[in-house]
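As written in TrEMBL, here are the features:
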SIGNAL    1-19  signal peptide
DOMAIN    246-395  domain 'GAIN-B'
TRANSMEM  398-423  transmembrane segment
DOMAIN    399-654  domain 'G-protein coupled receptors family 2 profile 2'
TRANSMEM  435-457  transmembrane segment
TRANSMEM  477-503  transmembrane segment
TRANSMEM  515-536  transmembrane segment
TRANSMEM  556-580  transmembrane segment
TRANSMEM  601-624  transmembrane segment
TRANSMEM  630-653  transmembrane segment
Amino acid sequence: MKSQATMICCLMLFLAIECSHYRSKIHIKDGDKLQHPEGKLKTGRIQEKCRGPCIPASNCSQPCAQPFHGEIGFTCHQNKWQKSTETCTSLSVETLFKDFNSASRLPLAASSIPVHVLDFRAPEPVESVAQGIRRNCPIDYACILDVVKSSEATSGNIAFIVELLRNISTDLSDNVTQDKMKSYSEVANHILDTAAISNWAFIPDKNTSSDLLQSVNLFARQLRLHNESENLVDELFIQAKGLRINHNTSEEKFNFSASMNSTTEGILGMIEIPRQELWNLPPNASQAISIAFPTLGTILKEVHLQNVSLPRPVNGLILSVILPEGLKQVLFTFEKINKSRSARAQCVGWHSRKRRWDENACETTLEIMNRVKCLCNYTNMVMSFSILMSPKSIDNKVLDYITCIGLSISIFSLILCLIVEAAVWSRVVMTEVSYIRHVCIVNIAVSLLIANVWFIINSNFHKKAQDSNWCVALTFFSHFFYLSLFFWMFFQALLIIYGILVVFHRMMKSRMMAIGFAVGYGCPLVIAGTTVAVTVPEKGYMRPDACWLNWDSTKALLAFAVPALVIVAVNLVVVLVVAVNTQRPSIGSSKSQDLAIIMRISKNVAILTPLLGLTWGFGVATLLEGTSLIFHIIFALLNAFQGFFILLFGTIMDHKIRDALKMRMSSLKGRSRAAENASLSPTNGSKLMNR
């Protein structure tokens with residue numbers, strides 16, 4: 001009886017401890033607050049801000065509320081304390097395995113075990129996650145799931161779980177099974193939940209999101225498939241599938257549909273392994289594994305691109321692939337999350353070493369409506385792919401019509417300008433000054449004409465590959481001739497200043513011609529050639545979506561923008577100097593004389609503005625985010641019709657050219673009349689009759 005009473009007491013004690021422990025684990029999620037057994041709402045984020053004075057750029061910290069350990073950092077911004085970092089965590093290696101090391105965590109069957117058999121000795125300490133998992137759940141990692149999934153997703157707990165997954169990937173990936181993959185993904189799914197996204201921003205280590213992606217890919221690489229096709233993981237925020245493939249396999253596809261949260265419809269994603277790539281596989285069977293992340297794109301941070309002025313939001317699923325050796329190219333189809341018409345797409349791959357999106361890893365092969373098709377190069381460093389939302393661009397039919405009509409008129413005007421210059425050349429280049437001036441106008445017209453033709457070819461050129469030699473050539477010549485346009489305008493501005501400042505001395509025509517061609521074609525050739533030599537080896541010369549200078553990775557576009565804007569600024573100063581040096585009114589001049597001078601100044605400015613390229617200054621306004629559509633329309637109008645303006649102000653409004661044209665026309669009429677009279681004369685008629 002005594003022994004039975006003892007056993008009953010022990011059993012009651014055990015059940016009491018068990019129930020108490022079970023109650024302590026019950027929680028009710030209310031935002032990010034937990035309901036504790038005491039009935040008080042507690043949170044890992046302290047609600048109070050720092051109590052000291054808020055001085056701009058100053059920092060302070062506050063301890064986390066119990067039961068969390070760590071602190072919350074605040075930064076003074078706009079005279080308010082705002083949270084900047086957080087390390088509040090309730091997880092540790094000991095808490096992961098305390099249920100298995102505690103004597104109170106006995107199975108219910110222990111009530112039938114004699115008391116003297118129960119071992120109440122102190123548990124052995126757990127030194128690492130790997131040691132604890134090998135001891136308690138070596139088959140499927142299930143022993144850590146309850147603790148992790150019941151923890152609040154504070155910034156500190158997220159960082160701890162990422163480190164936990166990284167340790168598992170490096171220390172426990174020798175024999176990865178499907179059960180282990182499922183448990184691993186459940187842990188990752190907990191911190192990829194949409195409710196946890198906002199807390200990722202306060203993790204001090206900005207590499208954490210990249211570490212998570214790399215750890216999942218590394219762990220999945222060690223998985224061994226047994227069936228032809230397997231759905232490995234089907235969590236809400238992470239999915240994984242696997243296929244057995246060989247060189248005789250037909251083209252294989254992975255199809256995914258994942259939602260951003262429980263209320264939205266699924267965003268589609270598809271991975272295709274081209275047939276020609278499968279031919280590179282050895283005869284023995286291989287495997288391919290794919291993983292889809294619907295929310296990781298919002299979390300993933302490009303640590304080394306913090307100063308990028310334009311945001312690069314991910315606009316689709318992140319799709320990872322683990323492929324056998326020999327497969328180098330994969331086709332991806334992404335459905336856009338933001339389906340607005342202006343949300344253009346850019347195919348990219350995540351470079352795990354550089355921790356940034358690599359535009360050179362992919363090219364966009366097709367973009368129709370809300371779907372984008374990408375051809376990407378797979379390497380050990382680039383295993384994850386997605387689409388970025390390109391910076392906002394003005395997609396307006398008005399601009400398209402203006403550009404199309406303006407370029408057509410501009411090209412026709414430039415051809416007419418060159419014909420007129422050729423017709424009157426001998427009559428208008430009587431002096432050295434006029435000769436150099438018309439040489440400038442002809443070269444400006446030639447450069448702009450060729451640049452416009454290259455622009456049209458670029459717009460209609462479908463780039464088959466990122467490293468296409470045709471695309472390199474198109475980009476180079478467009479860059480060169482647009483720069484030549486600006487440098488010839490710059491040389492013409494120098495001639496104007498030279499004519500104003502140096503009155504009694506004139507430079508030899510041959511020397512001025514040599515300087516003109518060195519400036520007009522030599523400088524652009526040096527700049528364009530250097531840009532190609534520096535950026536082509538790094539595959540950063542061209543944009544991923546067009547045959548034009550790259551901006552995102554190498555800033556090659558600066559090789560055009562900087563010289564052009566500097567020349568525009570210098571030429572603006574020249575126009576101001578011309579306006580100031582226009583004949584000033586004498587003392588006692590009448591209002592009519594003042595009006596004539598104002599008209600003369602306005603005429604000079606109007607003529608010089610298109611000839612010196614000042615209309616390109618409006619391009620600065622179009623580069624600013626949120627610029628009104630009217631600035632884009634003005635910029636398109638002024639520059640699409642620049643060829644027409646050169647014909648009007650540089651040729652037609654020149655009275656010498658008009659006089660030469662009149663003389664040319666009158667001489668042609670005189671010749672035609674003389675020929676007509678000669679054909680009607682009696683002498684000529686008799687000669688014809690004699691024949």
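Yeah, the Cβs are placed from backbone N, Cα and C, and that goes for glycine too.
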Q | Selection from 435-457, 477-503, 515-536, 556-580, the stretch that has most Cβ pairs under 8 A to the transmembrane segment (630-653) | A | 435-457
Q. Helix, strand, coil residue numbers for the domain 'GAIN-B' (246-395) per DSSP?
A. 14 helix, 67 strand, 69 coil
Q: Establish whether the number of Cβ pairs under 8 Å between the transmembrane segment (515-536) and the transmembrane segment (435-457) reaches at least three, counting only pairs separated by 6 or more residues.
A: yes
Q. If you average pLDDT over the domain 'GAIN-B' (246-395), what do you get?
A. 81
